[in-house]
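Below: one structure, written as structure tokens.
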Amino acid sequence: MNLHEYQAKQLFAEYGLPVSTGYACDTPEEAAAAAEKIGGDMWVVKTQVHAGGRGKAGGVKLVKTIDEVKAFAANWLGKNLVTYQTDEKGQPVAKILVESCTDIANELYLGAVVDRASRKVVFMASTEGGVEIETVAEETPELIHKAEIDPLVGPQAYQARELGFKLGLNPVQMKQFVKIFMGLGKMFTDFDFALLEINPLVITDEGNLHCLDGKIGIDGNALYRQPKIREFHDPSQEDSREAHAASFELNYVALDGNVGCMVNGAGLAMGTMDIVNLHGGKPANFLDVGGGATKERVSEAFKIILSDDNVKAVLVNIFGGIVRCDMIAEGIIGAVKEVGVNVPVVVRLEGTNAELGREVLKNSGLDIIAAESLTDAAEKVVAAAEGK
């Protein structure tokens, strides 16, 4: 789950990190009132969406009058912002962040992720702020400095100082950096972050460090113990099919292919997508129905898959470990009858009662294509999707 910039900065402020005075607004009038409340003669107005590249897409602007603030909000609220990180439809803009203007002398980068290789939280800092860190990692990796956080003792001030020296900070800035580093380290574990970025972390004209932007990703598996973070959830920023699937405990991710995939188990689902791709097909989705694949969940999964107009065939790949294949077969038959599937359906069953399951499908009288193996299933579904 991702947070909006204004939500990230709200958390930053609670942990004593330096952020701009700002207000998230729902209407042009509210945005104008926020600018007046902040004061001054210059403001930054930002569209709030779960995507980067807002500035290049016109979603961030420096304005000098209240009328400009109001016009920016009126122009964007209720519309979609399309950036290089969104699809062609873009993301809906429901809030505008109005902030005080910050004079920038230099831009740095500070971020943290859960590193699977070291199995620790790793902080990254760079003098190359304000640009995509992936670009820096690819072109000049020596400019990215890292600090691994020991989970037993947490972030340490000496680690912050080591990074600060590499960033060329002066003694005053070093103190500020240590405070920011320690606050972010505590915040990362307190709220079960998966990703954290301040890009840019700026040095102002007065020589102070300031968190100019904020990007936070939360570990979705930890939301059950994060009631405060759950309140930040914005379903408008998610694919409607993915949100609908989650309500039925289905793990669904929309893709851009034409072969719908319904599988039990995330690993098997990824393997299924790989073999479809290997045989010349393009998966339209990732969909894991989980271990308890009941008729109701299979039926809902079919509905979600078929809501994508690009789907020309569906591959159902079930391994009967926890559940019996004959029971799954009955669920598939019931779902096909209920939903009224009008594209070819290829089913591969393996595991407990697999032979019985295939027999149930064969005797159903429905136009369901049975597959003997995963390779056979992939070949048949790709051919079916191509109309062969």
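Cβ coordinates come from backbone N, Cα and C, glycine included.
Just so it is clear, the model here is predicted, and its values are computed rather than measured.
Quick look at what Swiss-Prot lists:
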- 9-244: domain 'ATP-grasp' (DOMAIN)
- LYS46, GLY53, ARG54, GLY55, GLU99, THR102, GLU107: ATP binding site (BINDING)
- ASN199, ASP213: Mg(2+) binding site (BINDING)
- ASN264, GLY321, ILE322, VAL323: substrate binding site (BINDING)
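Swiss-Prot feature annotations superimposed on the structure.
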residue : record                 : CB count, 10 Å
LYS46   : ATP binding site       : 24
GLY53   : ATP binding site       : 16
GLY55   : ATP binding site       : 14
GLU99   : ATP binding site       : 22
THR102  : ATP binding site       : 17
ASN199  : Mg(2+) binding site    : 23
ASP213  : Mg(2+) binding site    : 22
ASN264  : substrate binding site : 26
GLY321  : substrate binding site : 14
ILE322  : substrate binding site : 13
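For the pair formed by THR102 (ATP binding site) and ASP213 (Mg(2+) binding site), distance between Cα atoms is given as 11 Å, rounded to the nearest Å. The binding-site residues shown are LYS46, GLY53, GLY55; of these, the one with its CA atom nearest the CA of ASN264 (substrate binding site) is GLY53. When the CA atoms are compared, no binding-site residues among the candidates ASP213, GLY321, ILE322, VAL323 lie within 10 A of GLU107 (ATP binding site). Note on proximity: of the binding-site residues ASN199, ASP213, ILE322, VAL323, the one nearest LYS46 (ATP binding site) is ASP213, by Cα distance.
Within 10 Å of the C-beta of VAL323 (substrate binding site) there are 21 other C-beta atoms, taking all protein chains into account.
The most densely surrounded of the binding-site residues ARG54, GLU107, judged by C-beta neighbours within 10 angstroms, is ARG54. In the predicted model, the domain 'ATP-grasp' (9-244) shows an average pLDDT of 94.
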